[in-house]
Amino acid sequence: MAKGFKLKELLSHQKEIEKAEKLENDLKKKKSQELKKEEPTIVTASNLKKLEKKEKKADVKKEVAADTEEYQSQALSKKEKRKLKKELKKMQEQDATEAQKHMSGDEDESGDDREEEEEEEEEEEGRLDLEKLAKSDSESEDDSESENDSEEDEDVVAKEESEEKEEQEEEQDVPLSDVEFDSDADVVPHHKLTVNNTKAMKHALERVQLPWKKHSFQEHQSVTSETNTDEHIKDIYDDTERELAFYKQSLDAVLVARDELKRLKVPFKRPLDYFAEMVKSDEHMDKIKGKLIEEASDKKAREEARRQRQLKKFGKQVQNATLQKRQLEKRETLEKIKSLKNKRKHNEIDHSEFNVGVEEEVEGKRFDRGRPNGKRAAKNAKYGQGGMKRFKRKNDATSSADVSGFSSRKMKGKTNRPGKSRRARRF
């Protein structure tokens with residue numbers, strides 16, 4: 001116990017020492033900060049020069065901003081605007097170079113003075129140029145420009161024109177007929193304006209159309225279907241259905257033409273000695289037929305697979321429902337058992353609690369027992385119905401008088417097969 005007490009004393013003493021050291025350090029920091037604040041600031045000649053330069057730059061920037069505002073308000077050309085932008089860029093570059101020089105240090109004061117004078121002269125020249133540009137009229141632009149500036153301006157203008165053309169081409173709409181429907185496409189399709197001048201088209205058709213009605217069917221041999229084919233097609237994107245509709249239309253037209261040619265007594269069947277090659281060969285038509293059959297079988301298989309998936313989902317739903325029902329029943333029975341146990345402890349059980357419904361369950365499962373089971377009856381007759389087997393095999397008056405199981409046919413045994421000679425005699 002003594003050792004533990006000493007250790008506690010040492011720890012508390014050490015903590016007190018640390019607190020005292022922290023307080024001393026805080027006081028020292030506060031005093032140093034107060035002394036720094038009270039120290040007088042020493043202003044050198046270099047600091048004054050820097051302040052003057054900063055003030056001059058600020059004034060120049062303000063003047064340039066004012067000039068640019070006036071310039072924008074007046075109707076000046078794009079070339080003058082570009083010149084102003086170039087001069088502003090030069091000013092920014094000069095500011096950056098001056099900042100780098102100040103960071104490196106003031107080594108040569110004489111060199112700095114010269115640079116300052118040169119900068120001041122350049123700034124004054126820039127101011128004069130800006131004032132001239134602001135006061136100049138739009139009519140005297142071509143006279144004041146030099147050849148180099150004009151070439152540069154032409155290049156810039158050409159670039160701007162090319163950019164504008166590209167933007168216009170990008171913004172141009174594309175007709176809806178030329179667009180492939182794609183989710184990633186950025187093009188906005190538009191509908192072309194169409195003029196459905198039916199009168200003019202009918203008039204043109206009358207001028208071009210030959211009077212076939214006046215002539216016989218043999219001369220034109222053209223059949224027009226009375227009904228529209230697309231009316232009978234449910235899905236126009238179904239290749240099989242569409243091909244069947246075309247086939248039916250052509251077959252109807254052939255039958256009409258056949259009747260007309262028969263009426264005119266014109267031979268239309270191919271002679272027996274004439275063999276002409278079809279437009280599409282039999283191999284090609286077999287390929288088309290096979291492709292159509294394959295597509296139809298694939299479609300049927302997809303539908304069957306979809307139906308099986310739906311049945312599987314339904315089966316899973318039924319299974320889940322039955323499992324949930326079982327879980328609920330189990331939970332209810334467990335809760336009943338638990339409540340009965342609790343009531344048994346406190347002797348609060350009534351006779352109604354034991355009304356489980358066993359008799360109803362048995363009555364529900366009871367089946368018709370009017371007809372005896374034949375298999376069971378035969379076994380009982382052979383082996384007995386259980387119980388004591390002693391003295392069962394001994395005869396009495398009733399058993400000896402019972403002749404129901406006797407058969408003379410069975411006593412005789414099985415009849416032997418006759419020989420070959422007897423069998424031959426039969427036939």
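Glycine is treated like the rest: Cβ placed from N, Cα and C.
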Annotation phosphoserine in Swiss-Prot: match it to one of Ser177, Ser281, Ser399, Ser404, please. Ser177
Filtering Ser104, Ser216, Ser225 by Swiss-Prot annotation phosphoserine leaves Ser104
Look through Ser46, Ser183 and state which residue has the annotation phosphoserine in Swiss-Prot. Ser183
Quickly jot the same-chain residues contacting the compositional bias 'Basic and acidic residues' (29-40) by Cβ under 8 Å, restricted to those at least six beyond its ends, or write none. none
